[in-house]
Amino acid sequence: MIISRGKGGRVWAAGSRKARSIPQKALGQTQSASALPGTSTIHYEKSWLYRHCSLQQRDRQAQKSGQLFSGLLALNVVFLGSAFISSMIFNHVAITLADVWILLSILKVLCLIWIIYYLLGTSRQPHAVLYRDTHAGPVWIRGSLLLFGTFSILLNVFQIGYSVIQINCKSKVEIVFPSIEILFVATQAFFLWHHSKDCIQVQHNLTRCGLMLTIATNLLLWLLAVTNDSIHMEIESQLREVEQRLAGNETDTCTCPNTTTCKVFQKGYILLYPFNTEYCLICCSVLYVMWKNVGRRISHHHMAHVKPKFKLQGVVFGPLLGAAAVIIGICVFMMYQIQATGSAPNYQVFVLYYSYYIVLLPLMCVVAVIGTIIHTLEKRELDTLKNPTRSLDVILLMGAALGQIAMSYFSIVAIVATNPRDMLNSLILSYSVLLIFQYITQNIFIIDGLQRQPFLSTVPELPGEGRRVSVLELGQEFRRVSLSYIHTYSHLSWKRKALKEISFFLVLCNIILWIMPTFGAHPVFENGLQKSFYGYSTWFAIVNFGLPLSVFYRMHCVGGLLEVYVSA
């Protein structure tokens, strides 16, 4: 008789012309009685209910459902707010700026209620925060969050002061909205500073919905800030012609009076605008990592991983070259601002501005390529552990680079189609092409460095540790350890030296390239070439899309390059 097992654990005995079914219980007793010692037994397949309804599977399904529901909530809030902001731009009568402020104020109040509930209720429950993600919220991200948050609060203070001075032609919403904004920014900065590393283990769905609502609110605030900044740029671009036609005409009673206080509020409000946009984007990135960490259980291997600290050791040429690039860039930026804000922008100041970029960008490309080659020569393994922070860094680097790359390609097409032999046009063409290469090479270098496991240098342990030793013996041991460290550093760490030099140089270069467009240097809009080719409204929309992303890209690259520097 031949015994075989079919689907579902049912066993068949085939030995006659017609197969007959044998009950499993009887068959098991027969086989157990006749089985010899050491022979294999029959292993029955698990049932469908056991396989598909296990505890781990249910937890995973609940996590996916919670992420889907909270993501849909954020998507609907973003679409609603975007519809309000777009309607305000295209139809000032039906939807006013006050209507948008009321909607955003409601969202900010809801976010404040949830943040306070999280601080006082959720995070204080027993076993609420059993794990903390060491990669989330590094010190420079939280430091920039605190810095930009402080400037955002000052921005709203200036806005309140400016509205109070013009209280006769300003609505009360223009005072209430920035007041709520101050409370929202301060509370959110405190929340992210202390809880950005939390892997919350209770109230998963409520926490996910609260985080996604806060992300959507910050995105809408960023969109409104970009829109208002764009409107401000548009007004300033046409201000000279208006002043020439209406010189001496003071019929508008809502203009800023000629007083020092009003001028300070107005200039401070305009100057601090870029910090508000950067603050919103940083908050979105940190909140997204918290959202990914809800319910996450970090393994012991991941928790035992110690990140190296930032130490300014062994780097000389990178800081020197980077400092030179920063100093020269500040001089060029000051000259550009003085000339470009005059009655007629000087032709030479554009030549100087683009020449600085044409000298700096190839150098950045070369060092990024060298750094990538050194990464391939290293024997450090790739870090394959699950890390939401690293995944988000890669997405933000690739996504934010699209803004400047799109602007560069539009500029290339406009120049090639018009007059590429002109000196200024040739400089703009070279500048656009070099920017594309610099973005690509720098992204490859940073992403490759972020995916490598950090090098942790080991210091030889003193054999006299834990017992009393004489001064002479202790001195000999320190000498042996020092010689071993010097030998290791001088003979085995040239690759790490080069990576540190390259990373620090690129950090300083990205800082100066962040400062220049953030504080008002916008030659892509002020040179007039692309604007005359595509039309005012079309090129204005392209710049409005690409410029904020390029500014955010430079700031985000600084954090990524610091990670590469530390891990080297």
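Cβ atoms here come from the backbone N, Cα and C positions, even for glycine.
Predicted automatically and left uncurated, TrEMBL annotations should be read as such.
Now, the feature entries from TrEMBL:
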- 68-94: transmembrane segment (TRANSMEM)
- 100-120: transmembrane segment (TRANSMEM)
- 140-163: transmembrane segment (TRANSMEM)
- 175-193: transmembrane segment (TRANSMEM)
- 205-225: transmembrane segment (TRANSMEM)
- 270-291: transmembrane segment (TRANSMEM)
- 312-336: transmembrane segment (TRANSMEM)
- 356-374: transmembrane segment (TRANSMEM)
- 394-416: transmembrane segment (TRANSMEM)
- 428-447: transmembrane segment (TRANSMEM)
- 502-521: transmembrane segment (TRANSMEM)
- 533-553: transmembrane segment (TRANSMEM)
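Counting C-beta pairs under 8 angstroms (sequence separation of 6 or more), the transmembrane segment (312-336) fails to reach the transmembrane segment (100-120), with fewer than 3 such pairs. Note: the stretches the transmembrane segment (356-374) and the transmembrane segment (175-193) are not in contact (fewer than 3 CB pairs below 8 A, sequence gap of 6 or more). Under the criterion of 3 or more C-beta pairs below 8 Å, with sequence separation of 6 or more, the transmembrane segment (175-193) and the transmembrane segment (428-447) do not qualify as touching, having fewer than 3 such pairs.
Take the transmembrane segment (100-120) and the stretches 205-225, 394-416, 533-553: counting Cβ pairs under 8 Å, 205-225 has the most.
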